[in-house]
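Colleague: Feature list, courtesy of Swiss-Prot:
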- ASP297, ASN501, TYR660: substrate binding site (BINDING)
- MET325, ASP344, VAL401, VAL402, GLU403, LYS408, SER430, ASN454: NAD(+) binding site (BINDING)
- 1-190: region 'Enoyl-CoA hydratase/isomerase' (REGION)
- 312-715: region '3-hydroxyacyl-CoA dehydrogenase' (REGION)
- GLU120: site 'Important for catalytic activity' (SITE)
- GLU140: site 'Important for catalytic activity' (SITE)
Amino acid sequence: MIYEGKAITVKALESGIVELNFDLKGESVNKFNRLTLNELRASVDAIKADGSIKGVIVTSGKDVFIVGADITEFVDNFKLPDEELVAGNLEANKIFSDFEDLAVPTVVAINGIALGGGFEMCLAGDYRVMSETAKIGLPEVKLGIYPGFGGTVRLPRVIGTDNAVEWIASGKENKAADALKVGAVDAVVAPAKLKEAALDLVKRAISGELDYKAKRQPKLEKLKLNAIEQMMCFETAKGFVAGQAGPNYPAPVEAIKTIQKAANFGRDKALEVEAAGFVKLAKTSVAESLIGLFLNDQELKKKAKHHDEIARDVKLAAVLGAGIMGGGIAYQSASKGTPILMKDIREEGIQMGLTEASKLLGKRVEKGRMTPAKMAEALNAIRPTMSYGDFGNVDIVVEAVVENPKVKQIVLAEVEDVVREDAILASNTSTISISLLAQALKRPENFVGMHFFNPVHMMPLVEVIRGEKSSEVAVATTVAYAKKMGKNPIVVNDCPGFLVNRVLFPYFGGFSKLLGFGVDFVRIDKVMEKFGWPMGPAYLSDVVGIDTGHHGRDVMAEGFPDRMAVEGKTAVDVMYEANRLGQKNGKGFYAYETDKRGKPKKVSDPEAYELLKSIVVEEREVTDEDIINFMMIPLCLETVRCLEDGIVDTAAEADMGLIYGIGFPPFRGGALRYIDSIGVAEFVALADKYADLGALYHPTAKLREMAAKGQKFFG
């Protein structure tokens, strides 16, 4: 053994060839933490010191190659002063450069996922052989940063600037065939042949059949683009990517600027340019928020995994109530491998559900994400029925009938009598108390809420609601089923609106107050979209449905009368009374026309403005900042209350619920991280400025206590 550590070993194979193997002890994946980096330094030094070594192959002892840097460790480094962070980055890069400069040929065998620092390690090798099933990429822009271990330097010199810009700015994962096509790897082989192929390649380089020094040289030099080519390539790319990423996500454009700045430098000077830009991005609030989201997501996955220990396997599911929602749930279940019965009392409902599922599956085939054979298999896994005849073998039933407590109770009691005693019942309700619905059941311990968001196939969140009598097995089984469906489940406790809708309606309450002061809803939409929301509150109301919002508002007002009760008529009331229900009937705050692609397109409608005149209580001048505060303060304070009331267990879950469920701007990190970014004391003072607007704007006693103590929700 030439070197033996806890993350890396270097051992002799044959004919002067050694194998550098990444296999981090005690972990399921390889990642670049401090230990691995230190051992890579020691491994490279050991190889350099051994004159008998003629070639190196790099392998992994895990199912993945290397998933990237250990964010939990490196995020602490981002708090260091700039010069220390730059120095640390360059020190790490020196390890990769020393590996690249070894006096012998190097071949990297990519057996599985190689992302971020993992792929940057691959780029430092002379040759790369990739398994057919592996994926490679540089996803750092999704964390608000860009590659920091030489990715912006080596990738353009390996696959060309245009391809590198696309890979780095998009952060996408790339399959083996695509990687081979652009020259990111030199060969693609079956998984079982990978090591053999790597050995063959290194032997050919040792024998001189392949000129590894010539292969290495372009990575050490400046980019082969003249001034005009550089200008055309970089300026066009910056313009296009800026348009795609928007002003709130600077990392993709900064990555292109870095490649451009380093274009005329050799490797070592180019790495200095990369390090300087990397540090600049690492210090931004966007990076802090997006890295925070990544860590929150990891925390959620760990919690969801914990549920697996007691969850029952779901081999057959059922959905009650077909239609668009039922069809969406059936599609999601069947397309992810769980057969499902779809029951409705009406033939039209069944037909609508099947049409929805078929349409969604057809779109996947059109986009090349599914074969026609797989589509047929998924459609066959949806079994439409108008009776309970086959329900005896069902493991979980998702009730998705009309949002009416009496109807839901009747349907749930009915299905409870025909399923096995251990079958789980789950209600897809958005506002109705799970404990209330459970009163109709003989086995309330087997009952939970399972709130899908519309459209089911697009929205990643599922709220799993624990009622007063819900068992942990019922909760765990529902969480496991949601994960199996490809969703991100969050467990919340029962209350009106649960987490997401309870937080969303105070946001709409702020919108209602602005309209009462005569503020133009189009202006409000523009301000909130600029703030980072995918759509403003007026447009969102139309998309959700004014009738849905009206009903939800009444449920929330009944649940929290101290702050959500409504005095007098509101915009939602006048729209509802005028039968302006939003996109579903072509008119709400906006009117809707069909565009060339058959999609609804919003246009201004004088009738809406006329209706809204009746609910103006006083004309008030407000700034754009006021609009943001009117909307965001109630949302943030209600999120705080949900955490304090134990509706959600952690700040991470609360924030991820809002990101996944209502499209909270990811670059702001979630409601609680948004408060942290302002400062808890500063946020409390800001809320107090709007105290005259009512209880929705009044901070809790505990939040005031946090402000006084200088505490934060994160860190």
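Placed from the backbone N, Cα and C atoms, the Cβ positions cover glycine too.
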Colleague: For the NAD(+) binding residues given in the record (MET325, ASP344, VAL401, VAL402, GLU403, LYS408, SER430, ASN454), what is the largest pairwise C-alpha separation in angstrom?
Modeller: 20
Colleague: Between ASP344 (NAD(+) binding site) and ASP297 (substrate binding site), how far is it from one CA atom to the other, in Å?
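Modeller: Cα-Cα, rounded: 36 Å.
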Colleague: Where the distance is taken from Cα to Cα, which of the binding-site residues VAL401, GLU403, SER430, ASN454, ASN501 turns out closest to GLU140 (site 'Important for catalytic activity')?
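Modeller: So, spelling it out, the nearest of the binding-site residues is ASN454.
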Colleague: Between LYS408 (NAD(+) binding site) and ASN501 (substrate binding site), find the distance joining the two CA atoms and give it rounded to the nearest Å.
Modeller: 19
Colleague: Fewest neighbouring Cβ atoms within 10 Å: which of the recorded positions GLU120, ASP297, ASP344?
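Modeller: With the recorded positions GLU120, ASP297, ASP344, fewest surrounding Cβ atoms within 10 Å: ASP297.
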Colleague: Which of the listed recorded positions (GLU140, GLU403) has the least company, meaning the fewest other Cβ atoms within 10 Å of its Cβ?
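Modeller: Minimum Cβ neighbour count within 10 Å, taken over the recorded positions GLU140, GLU403, occurs at GLU403.
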Colleague: With every protein chain in view, what's the tally of Cβ atoms within 10 Å of the Cβ of SER430 (NAD(+) binding site), excluding that atom itself?
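Modeller: Neighbour count, Cβ to Cβ under the 10 Å cut-off: 22.
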Colleague: Among the binding-site residues listed here (MET325, VAL402, SER430, ASN454, ASN501), which has the Cα closest to the Cα of GLU120 (site 'Important for catalytic activity')?
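Modeller: Of the binding-site residues MET325, VAL402, SER430, ASN454, ASN501, ASN454 has its Cα closest to that of GLU120 (site 'Important for catalytic activity').
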Colleague: Take the Cβ of ASN454 (NAD(+) binding site) and count every other Cβ within 10 Å, whichever protein chain it belongs to.
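Modeller: Its Cβ has 15 other Cβ atoms within 10 Å.
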Colleague: On a count of neighbouring CB atoms within 10 A, which of the binding-site residues MET325, VAL401, VAL402 is highest?
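Modeller: The most densely surrounded of these binding-site residues is VAL401.
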Colleague: Three-state secondary structure of GLU140 (site 'Important for catalytic activity') from DSSP?
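Modeller: It is helical.
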Colleague: How big is the Cα-to-Cα gap, in Å, between VAL402 (NAD(+) binding site) and ASN501 (substrate binding site)?
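Modeller: Rounded to the nearest whole number, the Cα-Cα distance is 17 Å.
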Colleague: Using only the Cα atoms of ASP297, ASN501, TYR660, which the record gives as binding substrate, return the largest interatomic distance in Å, rounded to a whole number.
Modeller: 21
Colleague: Return only the integer: C-alpha distance in Å from MET325 (NAD(+) binding site) to TYR660 (substrate binding site).
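Modeller: So the alpha carbons of MET325 (NAD(+) binding site) and TYR660 (substrate binding site) sit roughly 18 Å from each other.
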